Each structure stands twice: as structure tokens, then as C-alpha cells.
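> Below is the structure I would like to discuss, written out as C-alpha cells.
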Amino acid sequence: MTFRVAVIPGDGIGPELYEGSKRIIAKLIEKYNLDIDLIEVEAGDVALNKYGEALPRHTLDVIEKADMILKGPVGETAMDVVVKLRQMYDMYANIRPAKSLPNVQSKYPNVDLVIVRENTEDLYKGFEFVTSTGVTIAIKVTTEFASKRIVNVALNYALMRRRKVTCVHKANVMRVTDGLFASVCREILKGKVNFEEMYVDAAAANLVRDPTRFDVIVTSNVYGDILSDEASQIAGSLGLAPSANIGDRKSMFEPVHGAAFDIAGKGIANPTAFLLSVSMMLSRMYELSKENKYILASKSLENAIIETYKSGNKLTEDVGGSAKLKDMVDEIYKYM
């Protein structure tokens, strides 16, 4: 099968990240004979100014026919783009790896964990009300269906990794909603992996104390949103973190960092998070096709990034180097 990928270059540094990464993606396609068709589309602040919509109809038409979305950072319209696409295509699993890179200053040089976050429910469902002057209410939604779905995703990740899952919740206080999530975790995970439960406040503390104790963390939407940013920063920098939004019908891959308008056009942006998102996309292609060439390409790209950091010769300013975006891309290309 040929994977059709809708590419949203985005705003700020987004277009130059994609432009700089094109030769690496082309090299992977050529070297591993990958069946990938990349289609550039417009979305974000630029699209809003041009068409009056952050996600114009012609963009949605292309995305509808695509298998995956590769997205650069967008600016003020991020919610209009990211949240809308997540909802439209039921991208229920947010996957956030947090992994240390060589020569990146961090208290912990050996962090390697994945946070699997439920992406459709919880307080982020958006059910908020003003009941009277000075009084507001939000509804926290937890269903057995969504809980089982995300816990099974976490199980699959754990079986490919170190076979440990930490279920993070606050069932001692949220006894009904988090209680349901915790019971689903026990039902699915006990006996299949090294399983533990942890209250979210303890998890936040333990990530700071010793992040190496974690392998796969599975949790609900709000807790996952907070913990994943914490974990990325502990591993080195939020600016180096990739992410995936996985759905059965369509998935989206994007760097966690923002559009960084202050450095846009200067050629000094770090391509790491964008390229690691490409690696995650290739891994998803392997999951769907079962063709080894996609996972080989994914690992090749990740290893080239790691080797670039090991050498330390061509790193951008944000990670202590003096290289330009093009220099770092050339170095990654060399290690491929």
C-alpha cells in the first residue's frame, strides 16, 4: 500500500523545518523503497489570514483522503487546527516519548519512557457551565470504552519495550471517574506486564526524583497533558519532544514545541522534534503494514539523530552548539 501523508508545514519555524527535512525524508524513501506520497497543505495562522479559516476546505479535502498527517508547529490557531483534527478523526491516543539525548544537559542522562494519554475525554471534553454569578462547573467524563481502548494501547507499547506499565490516577479522591479508569487498568494489565498504580501527585514527584523507574505510563487526558510536558523537560528539553496522535482511521505526528516566531527565518531552529515525529510516523506505518522497511527506516532516522548528538559537532544553539538548521540536517543525513 502507498501511504498518503498530508503535510502541514505550519507557521513560524515550521516551514523551514519541513523544507530542511525534505532531503532526509527523500533519502529514507529512496534507501528503503518506502511507498509514501507527501502532499503539502495549508493550515494555521497563514491559512487564516489568507482564507479566513485556519483549516480551509481544500485542506480538509486532502486530509480526508490521506492516511496520516505530518504537522509542523502552528501559531495562535493551534487549538483550531490540532484539537479540531483530533476530534474529527477520533485520535484517541496521545503518545509522548521522553528520551534523553547525548550531550543534552539534564540531571538524568538515561531517561527512556513513554506516556500514553487518553485524548478524547476527561475535563477536556469541554463541558463547562456558569451556574450562577461567581459559580462555574466542569464535567469530568470517563467511559469504560475509552479507558479500555487507551489501556490496550499502553499494553502494546509495554510489550515492545521493558514490559512495565504504571497506571496514573487519583482514585482516592475521584472515586467514581478515576476509580473506573483504575479498575480497567487492573483488569487488562495485571498478569500481562509488570503493573503498578500511582496517584498523579506521586507520579509527578517520582518523575523528578527518578524518571528511570518508569517505562510506560498510561493515564487520563488532563494528568497526561501535564505529566508529558514534565517528562519531556526532565529528559532534556520540551523543544526536543515529538508526539503522535493515534486514531484507528487517521493519525497525526507533530513536534511538541511551538512556532517560535522570534527565530523564524533565521535558519537556527532545531529539527530534532520534527524529525523524531517523522520517525514515529514511520513506526506507525510499520504497525499498519507489517512491512519491515518502515521500522528499519524509523530506527535509521532515530539512530542518525542520536549519533549526531553523540558527536556534538553540529548542534544548534538551543542545545549548546553553534550550527545552523542546515548544518544539523546535513550531519543527520551523513549518519544515515
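Placed from the backbone N, Cα and C atoms, the Cβ positions cover glycine too.
This is the feature table in Swiss-Prot:
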- Arg86, Arg96, Arg117, Asp201: substrate binding site (BINDING)
- Asp201, Asp225, Asp229: Mg(2+) binding site (BINDING)
- Gly258, Ala259, Ala260, Phe261, Asp262, Ile263, Ala264, Gly265, Lys266, Gly267, Ile268, Ala269, Asn270: NAD(+) binding site (BINDING)
- Tyr124: site 'Important for catalysis' (SITE)
- Lys170: site 'Important for catalysis' (SITE)
> Fewest neighbouring Cβ atoms within 10 Å: which of the binding-site residues Arg86, Arg117, Lys266?
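Lowest Cβ count within 10 Å among the binding-site residues (Arg86, Arg117, Lys266) is Lys266.
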> Using C-alpha positions only, work out which of the binding-site residues Arg96, Gly258, Asp262, Ala264 is nearest to Asp229 (Mg(2+) binding site).
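In terms of Cα distance, Asp229 (Mg(2+) binding site) lies closest to Arg96.
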> Count, for each of the binding-site residues Asp229, Asp262, the other C-beta atoms lying within 10 angstroms of its own C-beta, and report the residue with the smallest count.
Asp262
> DSSP secondary structure for Arg96 (substrate binding site), reduced to helix/strand/coil, please.
strand
> Long-range same-chain neighbours of Asp225 (Mg(2+) binding site), Cβ under 8 Å, sequence gap at least 6?
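Sequence-distant Cβ neighbours: Arg117, Tyr124.
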> Could you tally the C-beta atoms, other than its own, that fall within 10 angstroms of the C-beta of Arg96 (substrate binding site)?
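Excluding its own Cβ, Arg96 (substrate binding site) sees 22 Cβ atoms within 10 Å.
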> Within 8 Å of the Cβ centroid of the Mg(2+) site residues Asp201, Asp225, Asp229, which other residues of the same chain have their Cβ?
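Here the nearby residues are Val200, Ala204, Val222, Tyr223, Gly224, Ile226, Leu227, Ser228, Glu230.
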> Which residues, sitting 6 or more apart from Lys170 (site 'Important for catalysis') on the same chain, put a CB under 8 Å from its CB?
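The answer is Asp178, Tyr199, Val200, Asp201, Tyr223.
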> For Arg86 (substrate binding site), just give me the three-state DSSP call.
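Reduced to three states, the DSSP call for Arg86 (substrate binding site) is helix.
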> Which of the three DSSP states, helix, strand or coil, fits Arg117 (substrate binding site)?
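It is in a strand.
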> Hey, what's the Cβ neighbour count for Gly258 (NAD(+) binding site) at 10 Å?
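A 10 Å sphere around the Cβ of Gly258 (NAD(+) binding site) contains 17 other Cβ atoms.
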